[in-house]
Amino acid sequence: MTDQFKSEELASASAVFYLFGATGDLARRKLFPALFSLYKEGKLAEDFAVVGLARRPRTDEQFRDDVYESIGEFSRYKSDDAELWNRFAEHFVYMSLDINNVEGFRELDRLSSQLDAKFNIPGNRLFYLALAPELFGPVSFNLRDGGLLESKGWHRVVIEKPFGYDLPSAQKLNDQINQVFREEEIYRIDHYLGKEMVQNIEVIRFANAFFEPLWNNKHIANVQITLSETVGVEERGGYYDKSGALRDMGQNHMLQMLTMIAMEPPSRLQGEDIRDEKVKVLRSLRQYATSEDVRTNVTRGQYAEGSWRGKALPGYRQEDSVNPESVTETYFAAKVFVDNFRWAGVPFYIRTGKRLPVKTTEVVIEFKNTGSVLFGQRHDLTPNLLVIRVNPMEGIYIKINAKEPGSDTGVQPVAMEFCQSCKIGLNTPEAYERLIYDAARGDSTYFTRWDEVSQAWAFVDRIASAWREESSDLQFYPAGSWGPEKADEMLAKDGYRWWPVNGQEEDNVIWVTNTGK
Ligand SMILES: NC(=O)C1=CN([C@@H]2O[C@H](COP(=O)(O)OP(=O)(O)OC[C@H]3O[C@@H](n4cnc5c(N)ncnc54)[C@H](OP(=O)(O)O)[C@@H]3O)[C@@H](O)[C@H]2O)C=CC1
Ligand SMILES: O=C1O[C@H](COP(=O)(O)O)[C@@H](O)[C@H](O)[C@H]1O
């Protein structure tokens with residue numbers, strides 16, 4: 001990157017950032033730390049301002065204290081350089097505002113002009129809505145009516161998930177936002193798209209002669225995507241009990257990762273080209289035809305009492321703000337097909353759940369055996385695997401077969417791993433850093449376009465609708481276990497199994513790794 005290009009990028013990031021929901025959990029855990037990392041790395045120059053917005057009263061000083069505490073607790077960089085912190089903090093101001101009151105927005109507009117002048121900002125506006133979805137429409141209207149879209153620079157709105165509850169509600173929300181913002185001004189967040197290893201999927205696929213020619217149904221037996229969490233519903237019961245795992249993780253993160261694995265090569269690795277290919281995958285998803293079809297191909301579960309590392313854990317129905325008779329799923333696993341030329345016949349198994357034994361996100365590509373007369377008929381051969389480790393460990397490993405040393409016919413599985421987080425460690429940016437930076441530069445590649453969102457809802461709505469008909473298929477699994485056995489049976493019927501996450505439980509494998517294992 002040339003210095004000139006660098007400075008052009010920084011100039012385009014000059015903006016007032018409006019953080020709606022500035023007293024909320026997301027701001028504290030993710031957004032303040034992300035802004036601090038960007039500043040520390042020089043990706044925000046001095047010409048920006050952040051206005052924290054929420055109803056509760058705060059002085060600028062109190063708000064800066066909140067930001068400081070959040071960075072101390074959650075940032076990958078420490079805030080112990082007083083000079084750096086003071087310079088950063090100067091850019092932060094707070095205004096108490098109720099989203100339903102347009103007067104507050106007029107005052108915000110006046111404050112914005114002062115911030116433009118103070119920080120030399122050319123009228124650019126980035127509105128970040130870390131708010132409950134029912135406020136997305138009202139805030140958009142009041143931004144317009146309060147005059148905030150009349151400044152001479154660009155205007156962009158970053159919208160948190162969930163984008164709706166189903167297709168009709170998402171459509172309604174989109175229609176409201178479209179009355180104020182054009183599609184190219186709307187940045188719908190799916191923070192998984194900001195993760196390094198999700199973005200790395202394109203490089204692994206398209207920059208490696210090892211994989212690119214094999215990436216199809218002739219060579220791939222199945223694909224497995226696991227997003228497992230050890231946490232329960234925590235203090236988000238009010239939201240989660242209405243949402244469940246399918247809407248919270250399936251409609252967005254899981255389908256987005258699936259599209260990155262399955263999409264055709266885009267004509268260029270950027271913006272609309274990538275999004276065009278992703279939406280084609282979503283359009284090719286085989287829709288479940290009947291409720292019976294859903295019940296056969298999708299397993300749902302809810303965690304019951306259990307234990308993890310010797311600690312007793314309550315069941316979901318005992319959690320605060322959860323209906324004690326709730327039938328909300330905290331787990332689901334599905335067999336999905338992408339009905340196109342490349343993927344015909346290849347099952348994509350996806351699963352996610354709370355209160356599972358390990359926090360991890362992994363994609364496993366299981367290759368077909370060679371079929372050669374020499375080894376193809378052997379049932380003890382381990383299939384070749386390519387495993388992409390997304391979160392929290394980042395890296396890839398491949399599992400291959402080699403000769404067992406000293407034996408005539410023995411075959412030894414060997415796993416070769418590149419652990420990116422072990423090697424690069426602190427330097428890996430958080431997803432929210434990358435996404436805020438992209439939005440400020442006007443790069444929407446890793447945000448979801450409306451056609452993607454609507455296709456994903458259409459797919460998920462069929463499942464939700466079958467589930468609504470009756471709940472007798474809800475399986476209870478002990479907290480701390482790997483979820484309902486029915487999900488294992490689904491793969492077993494096809495002659496497969498879920499590969500253990502990190503493959504570490506298989507002790508016949510020789511590991512070559514930079515993790516020191
Ligand atoms: N927390 C997380 O980890 C994640 C959150 N999200 C999404 O991000 C969004 C925010 O989540 P989160 O931070 O957890 O939510 P919180 O409930 O913690 O925060 C909500 C924020 O909205 C403000 N608010 C509520 N009503 C109004 C109003 N009428 N006018 C002005 N401000 C208002 C609240 O401040 P006050 O009460 O002071 O007005 C508070 O700052 C949601 O859409 C959520 O789904 C997405 C992924 C992860
Ligand atoms: O969007 C969400 O994601 C988190 C998991 O994100 P991760 O980056 O920690 O893997 C999940 O806990 C939450 O329920 C969901 O809303």
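Backbone N, Cα and C atoms are what each Cβ position is placed from, and that goes for glycine too.
Per TrEMBL, the substrate site holds H191, K195, D248, K354, K359; the candidate it also names there, chosen from E229, E272, E325, E329, is E229. Of all the recorded positions listed (D25, K195, E229, H253), D25 has the fewest other CB atoms within 10 A of its CB. Cα of K195 (substrate binding site) to Cα of A27 (NADP(+) binding site): a span of 18 Å. For the binding site of NADP(+), formed by G21, A22, T23, G24, D25, L26, A27, R28, R55, D98, I99, K161 according to the record, the largest Cα to Cα distance is 21 Å, rounded to a whole number. The binding residues for substrate are recorded as H191, K195, E229, D248, K354, K359; their greatest pairwise CA distance is 20 Å.
If you count neighbouring Cβ atoms within 10 Å for each of the binding-site residues K354, K359, the highest count belongs to K354. Taken residue by residue with DSSP, A27 (NADP(+) binding site) is part of a helix.
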